[in-house]
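The structure appears right after this line, and notes come after that.
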Amino acid sequence: MEPKAFIEILRPHNCFVAGLVGILGSVVALGHFPELKTAMLIFGVIFLGCSAGNTINDYFDYEIDKINRPARPLPRGAISRKTALWYSMLLFAVGLLLAYQLNEYAFLLAVIAYSVLVIYAWKLKPLPIIGNIMVASLTGTTPLYGAIAVGKIGLAGYLALCAFLVNLAREIMKDIEDIEGDKAKGAKTLPIVWGIKKSAYLASVFGMATVVASFLPLRAGIGIGYLPMVIVDGLILTAVFELLKNPTPKTAGRAQKKLKAAIYLAVFSFLFGSITRG
């Protein structure tokens, strides 16, 4: 057993960004930063939920990860599957304790989101498009969670829409990238059922829809700090055009990484845009 694997399995960088997006949702909704305690609770609920979701996902994906991602903690034997399962349950429990300290709606949404994470990893992930939509919906819910935690939606709906669309595109690209391992497991992901080319087209549609949706906050009066979103749109379009030109698992892998970078930058674009809003 490797102690560092308990951090590695969480994929903390992704969860850190998710936590920031949750806080960002509250900033966009309020027009200013929430109280420090509230911000910390929002971050904690989302970070722990994301971490638990990644851990239990690796528990159920053990066989497929031996093919696609053998360096992850479970396939390489750094943590046992049983330990990973109990670890995820502990993370979920602590997250719910934090959510209980917000408001009843935030607690209820946390219960629903956490339940969906488990059901997704257990049953829904291999299903064509349904699993992708579930992941993208949870991602879109992240900024809404921050807004609900402070009792106001505001502009957070635009952020949620962009998050949903770009992550749906990325999830399909990841399925294209992982097609060989998914076939070996007997999964019925979209690229296996529809084929790589059609799946690449669909991912590209959602990618371009994200670019269109990114202009909506401008009409709602978001500030000049939102300007870096131009770079985000450029990254998304580059990924889309590369995938359309050469729809292969290798290209899809590069494209989804570009979208991941775009997501990171978009977080800060929305943050600065909200702060500089008139």
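Every residue, even glycine, has its Cβ placed from backbone N, Cα and C.
Automatic prediction, not curation, is the source of TrEMBL annotations.
TrEMBL annotations:
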TRANSMEM  12-33  transmembrane segment
TRANSMEM  39-62  transmembrane segment
TRANSMEM  83-99  transmembrane segment
TRANSMEM  105-122  transmembrane segment
TRANSMEM  153-169  transmembrane segment
TRANSMEM  200-218  transmembrane segment
TRANSMEM  224-241  transmembrane segment
Residues sitting near the transmembrane segment (105-122): Cβ under 8 Å, six or more positions beyond its termini, same chain? 45, 49, 52-53, 56-57, 59-61, 92, 95-96, 99, 131, 134-135, 137-138, 141, 144-145, 148-149
Please figure out which one of 83-99, 153-169, 224-241 racks up the most CB pairs under 8 Å against the transmembrane segment (12-33). 153-169
Residues sitting near the transmembrane segment (200-218): Cβ under 8 Å, six or more positions beyond its termini, same chain? 155, 158-159, 161-162, 165-166, 168-170, 172-173, 176, 190, 194, 226, 229, 232-233, 236-237, 239-240, 243-244, 247, 252, 255, 259, 266, 270, 273
Beyond the flanks of the transmembrane segment (153-169) by 6 or more, those residues with Cβ under 8 Å of it: 21, 24-26, 28-31, 132-133, 135-137, 139-144, 146-147, 203-207, 209-210, 213-214, 216-217, 220, 222, 236, 240, 259, 262-263, 266, 270, 274
